[in-house]
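Below: one structure, written as structure tokens.
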Amino acid sequence: MDSFDYTTPDYGHYDDKDTLDLNTPVDKTSNTLRVPDILALVIFAVVFLVGVLGNALVVWVTAFEAKRTINAIWFLNLAVADFLSCLALPILFTSIVQHHHWPFGGAACSILPSLILLNMYASILLLATISADRFLLVFKPIWCQNFRGAGLAWIACAVAWGLALLLTIPSFLYRVVREEYFPPKVLCGVDYSHDKRRERAVAIVRLVLGFLWPLLTLMICYTFILLRTWSRRATRSTKTLKVVVAVVASFFIFWLPYQVTGIMMSFLEPSSPTFRLLKKLDSLCVSFAYINCCINPIIYVVAGQGFQGRLQKSLPSLLRNVLTEESVVRESKSFARSTVDTMADKTQAV
């Protein structure tokens with residue numbers, strides 16, 4: 001049984017050749033946690049406190065705005081994905097504290113980590129959807145004014161959640177629990193039954209659809225958007241654009257270690273020194289990725305307005321100011337007028 005997960009929502013392995021410490025008591029595990037695990041626990045605790053409160057506030061604000069603004073629909077779904085991910089943190093926290101022992105049973109082993117993965121991939125795909133929406137606002141403003149509606153936005157969000165569900169299915173199907181006796185513990189993880197090709201195929205598909213493809217989408221969309229908006233004075237009011245770019249940048253900075261170590265572990269042999277090192281850093285990489293779940297509300301508040309204004313306004317007011325559609329609509333209309341005027345000038349010249 002080569003593939004087995006200790007701590008992460010999906011990546012990780014069990015190695016039958018792990019060295020058994022003969023000095024370890026049979027009736028209990030070591031009382032000492034590794035340094036990476038301790039750092040992961042600290043990060044998990046901070047992310048849980050900030051992420052649950054912050055994303056709950058974003059959900060509360062955008063739930064009212066989503067009835068009339070498309071921008072709020074995007075951020076509502078993104079906040080829901082992050083909020084649910086943060087709610088699952090006590091599960092990972094408990095497992096690490098108990099030296100990766102899984103006390104929740106077999107059914108929970110299949111369901112709970114898979115739900116964490118679902119919310120993670122939903123967050124990724126929603127970010128790509130938001131970037132595509134921003135691209136259309138800048139380059140197809142007239143089309144957006146005619147066809148960009150709340151119904152279409154909700155459909156796009158449903159597609160993102162559906163694709164995230166498909167990416168999560170392997171985790172649900174291949175998760176099992178394994179009982180160990182030296183020291184006694186129950187491990188929850190993914191078991192591909194020595195099928196390395198299947199394991200690598202799943203890892204590659206998730207890397208492409210859950211990371212590289214969204215990354216390419218974001219890079220293309222925002223490169224063209226930045227070039228276009230900064231080439232015209234009339235479209236340089238980009239408050240929402242700055243917020244989304246900050247959210248996207250933070251996402252890939254914090255998720256990159258998880259993705260890199262995950263794909264490396266799927267191709268390495270469990271007995272290799274590199275694999276063993278990555279396995280020790282596993283919890284830390286997951287906790288680093290989880291920072292993204294709590295940093296988005298902070299970005300929204302900081303981007304709201306100047307420091308003095310932040311002191312004078314309440315948090316809900318600041319979030320409402322950032323997450324509403326007004327600045328986006330003004331930018332789109334401004335660019336549309338600029339495009340029409342340019343076409344008129346060319347017609348007169350002919």
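Backbone N, Cα and C atoms are what each Cβ position is placed from, and that goes for glycine too.
Annotation source Swiss-Prot lists region 'Required for CHIPS binding' at 10-18, citing similarity to another entry.
Summarising the annotation, Swiss-Prot assigns sulfotyrosine to Tyr11 (among others) and lists similarity to another entry as the type of evidence.
Residues annotated as sulfotyrosine in Swiss-Prot: Tyr14 (among others).
Residues or ranges marked as region 'Involved in C5a binding' by Swiss-Prot on the basis of similarity to another entry: 21-30.
Under the heading disulfide bond, Swiss-Prot lists Cys109-Cys188. For Cys188 (disulfide bond), the number of other Cβ atoms no farther than 10 Å from its own Cβ, over all displayed protein chains, is 27.
If you look up Swiss-Prot, you'll see Ser314 (among others) marked as phosphoserine, on the strength of similarity to another entry.
The phosphoserine feature in Swiss-Prot is assigned to Ser317 (among others); the stated evidence is similarity to another entry.
Residues annotated as phosphoserine in Swiss-Prot: Ser327 (among others).
The phosphoserine annotation in Swiss-Prot covers Ser332 (among others) and is backed by similarity to another entry.
Per Swiss-Prot, phosphoserine is recorded for Ser334 (among others), and the stated evidence type is similarity to another entry.
The annotation phosphoserine is assigned in Swiss-Prot to Ser338 (among others).
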As a test of the contact definition, list every same-chain residue at least 6 positions from Cys109 (disulfide bond) whose Cβ is closer than 8 Å to its Cβ. Trp102, Arg175, Val176, Val177, Cys188
